[in-house]
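Novice: I'd like to ask some things about the structure below.
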Amino acid sequence: MNTLYLGSNSPRRMEILTQLGYQVVKLPANIDETVRQNEDPARYVQRMAEEKNRTALTLFCETNGTMPDFPLITADTCVVSAGIILGKPHSQAEAIEFLNRLSGKQHTVLTAVCIHYRGNAENRVQTNRVVFKPLSSEEISAYVQSGEPMDKAGAYAVQGIGSIFIQSIEGSFSGIMGLPVYETVSMLQDLGYRTPPFIRA
């Protein structure tokens, strides 16, 4: 089997891995995602991915009495605008605030990936730069009313309606979605796990 454990509830991360041909088993990895005072954004996403991995791994071991037979992947994504971390908005008002902040400017999207396999772990942070067109208040209001921004870092989905706001991307589309494919597969290979199933099809 080409099985992976995914410590995430993100349908986007699940979609990315299943498209590569992996059988994905979801594990809960609920943690406190509060940003520490003056915490560096790259360190923040790395810490989140690592804490999710530890949480999911501990729960798996407690439930099954053994370590996972397959790699456990966790990830975290944040949007950074002018040095300020924009996570998932907690309200429509906050989503509007985030989108006004991103309007007409460049921002950074950081995604950290942590993989644990057979007692070894790999961690990487992948960086992307995105430029938004200037947004009108009507566009922002209509987008927020669609509901799409409410469970997305930075209050937009690169693969959804939010794509109409994007002028340019420098980096990885899948990384902005929440799981950079190139880095993730490279980490799996470095840990000695099999290449994506489609390669041997």
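Note: Cβ is positioned from N, Cα and C throughout, glycine not excepted.
According to Swiss-Prot, the record shows the following:
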| type | residues | note |
| --- | --- | --- |
| ACT_SITE | Asp76 | active site, proton acceptor |
| SITE | Arg12 | site 'Important for substrate specificity' |
| SITE | Thr77 | site 'Important for substrate specificity' |
| SITE | Gln159 | site 'Important for substrate specificity' |
Novice: Gln159 (site 'Important for substrate specificity'): which of the recorded positions Arg12, Asp76, Thr77 is the nearest Cα neighbour?
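Specialist: Nearest in space to Gln159 (site 'Important for substrate specificity'), counting only the recorded positions, is Arg12.
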Novice: Ranking the recorded sites Thr77, Gln159 by other Cβ atoms within 10 Å, which is at the bottom?
Specialist: Gln159
Novice: Give the helix, strand or coil assignment DSSP yields for Gln159 (site 'Important for substrate specificity').
Specialist: coil
Novice: Which residues of the same chain, at least 6 positions away in sequence, have a Cβ lying under 8 Å from the Cβ of Asp76 (active site, proton acceptor)?
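Specialist: Glu33, Val45, Gln46, Met48, Ala49, Lys52, Thr111, Ala112 - these are the non-local Cβ neighbours of Asp76 (active site, proton acceptor), listed in sequence order.
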Novice: In whole Å, note down how far the CA of Thr77 (site 'Important for substrate specificity') lies from the CA of Arg12 (site 'Important for substrate specificity').
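Specialist: Here the two Cα atoms are 12 Å apart.
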